[in-house]
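A.B. asks: I grabbed these lines from Swiss-Prot:
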- 5: N-linked glycosylation site (CARBOHYD)
- 16: N-linked glycosylation site (CARBOHYD)
- 21: N-linked glycosylation site (CARBOHYD)
- 1-35: topological domain 'Extracellular' (TOPO_DOM)
- 61-64: topological domain 'Cytoplasmic' (TOPO_DOM)
- 87-103: topological domain 'Extracellular' (TOPO_DOM)
- 128-148: topological domain 'Cytoplasmic' (TOPO_DOM)
- 172-184: topological domain 'Extracellular' (TOPO_DOM)
- 206-223: topological domain 'Cytoplasmic' (TOPO_DOM)
- 245-262: topological domain 'Extracellular' (TOPO_DOM)
- 284-324: topological domain 'Cytoplasmic' (TOPO_DOM)
- 36-60: transmembrane segment (TRANSMEM)
- 65-86: transmembrane segment (TRANSMEM)
- 104-127: transmembrane segment (TRANSMEM)
- 149-171: transmembrane segment (TRANSMEM)
- 185-205: transmembrane segment (TRANSMEM)
- 224-244: transmembrane segment (TRANSMEM)
- 263-283: transmembrane segment (TRANSMEM)
C-alpha cells in the first residue's frame, strides 16, 4: 500500500517521523498547540456524552426525540474517542509500522463514520420536528411508533456505506489514474449528499420550524425543546461543517489545505463536546441552575408536548421506542 494514501493523521505522522529521523541530534519539532487543546477537550466531551447516554438509556423515559439524541450521543462518543487517541499518537510520535498504520487508518475511518452519522441524525431531528409542526394531527395520531429507531438504523447504515466508499476509493486507493478518478467520483457524491441534500434539508426545515413557532403561541410551552434543536444545529454548522469541506479538499489539495486540517478537527471536537452543555443550560432553570438534578434538567430540555398519543397512558409517558 502506498504511503501517500494515508489519512491525514497518518500522513502527518509519516512526514513528522521522516523529518525527525533526518535530523538526528536535533530537538524534536514542537507538537502543535491544536493537538494539546484537542487532548484537553475530547476527554471532557467523552465523559459528558457518556453521562448523557447513561441517563438517556437507564434513567429517563424515552420519547421520539430522545431516541435521536441517544444515537447522536453514540456518534459523538465514537468521534471524540478516536480523535483523542489519534492526537495522543501524534504527540508520542511512534514509528509508523504497518500495524500501526492500519490502527491509525481504522481510528480515522471510525472518526469519519461518527461525523457522517452526526450530520444525518441532526438533519433527521430537524425534519421530524418540522413535520410535527406542519402536520400535528399526523404526528400525534398516525406517526409509526418505532419511526425514530427505524430512521436511526437507516442513517447508521447510510453513514457506514458512505464512509466505506470514502475509505476504499480515497484512503486505501493506489496512485493509479483510475483510482484517483474513482476518488474524485466519491468526493463529488459525498459533496452532493452533504451539501445538496442533508444540509439544505436541515436549513430549510429549521427555518420553517422557527417561522411556525414564532407564529403560534401554542408552541411556547415546549420552546426549550426547539431551542435545543436550533442551537445544536447552529453549533454544528459553525464548528463541524467546515471539517467536511476541508476533508474533501484535502484529498486533492493537501499542500494547500493541510495546515487548516488540525483546526477543523479542533472545531469538530468542540461541536461534539458542546452538545451536552447545550442540553444542560437550555434545560436548567435560571433560578435553580446547578442545584437541580441532572435527570430533571434533561427531562425539561427534552420534554415533547406534541408526543404521539399512542405513547401516552394514564397521563404518564410510556416508553415504546427502542434504541437500535
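Along the chain as shown, residues are numbered 1 onward.
Glycine is no exception: its Cβ is also placed from the backbone N, Cα and C atoms.
Tell me about the surroundings of these features in the structure.
C.D. replies: Remark: secondary structure over the topological domain 'Cytoplasmic' (128-148) totals 15 helix, 0 strand, 6 coil, with classes taken from DSSP.
Per-residue pLDDT, averaged along the topological domain 'Extracellular' (172-184), amounts to 69 for this model.
Beyond the transmembrane segment (36-60), the same-chain residues lying 6 or more positions past its ends with a Cβ under 8 Å from any Cβ of the stretch are 66, 69-70, 73-74, 76-77, 80-81, 83-84, 87-88, 91, 265-266, 269-270, 272-277, 279, 294-295, 298-299, 302, 323.
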A.B. asks: Could you check whether the transmembrane segment (263-283) packs against the transmembrane segment (185-205) - three or more CB pairs closer than 8 Å, residues at least 6 apart in sequence?
C.D. replies: no
A.B. asks: Could you tell me how many residues in the topological domain 'Cytoplasmic' (61-64) are helical, how many are strand and how many are coil under DSSP?
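C.D. replies: Helix (H, G, I), strand (E, B), coil: 1 helix, 0 strand, 3 coil.
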A.B. asks: Grab the same-chain neighbours of the transmembrane segment (65-86) for me: Cβ-Cβ under 8 Å, and only residues 6 or more beyond its ends, written as numbers and ranges.
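C.D. replies: Same-chain contacts beyond the flanks: 9, 38-39, 42-43, 45-46, 49-50, 52-53, 56-57, 104, 107-108, 110-111, 113-115, 117-118, 121-122, 124-125, 128-129, 148-149, 151-152, 155-156, 225, 265, 268-269, 272-273, 275-276, 279, 302, 304, 321-324.
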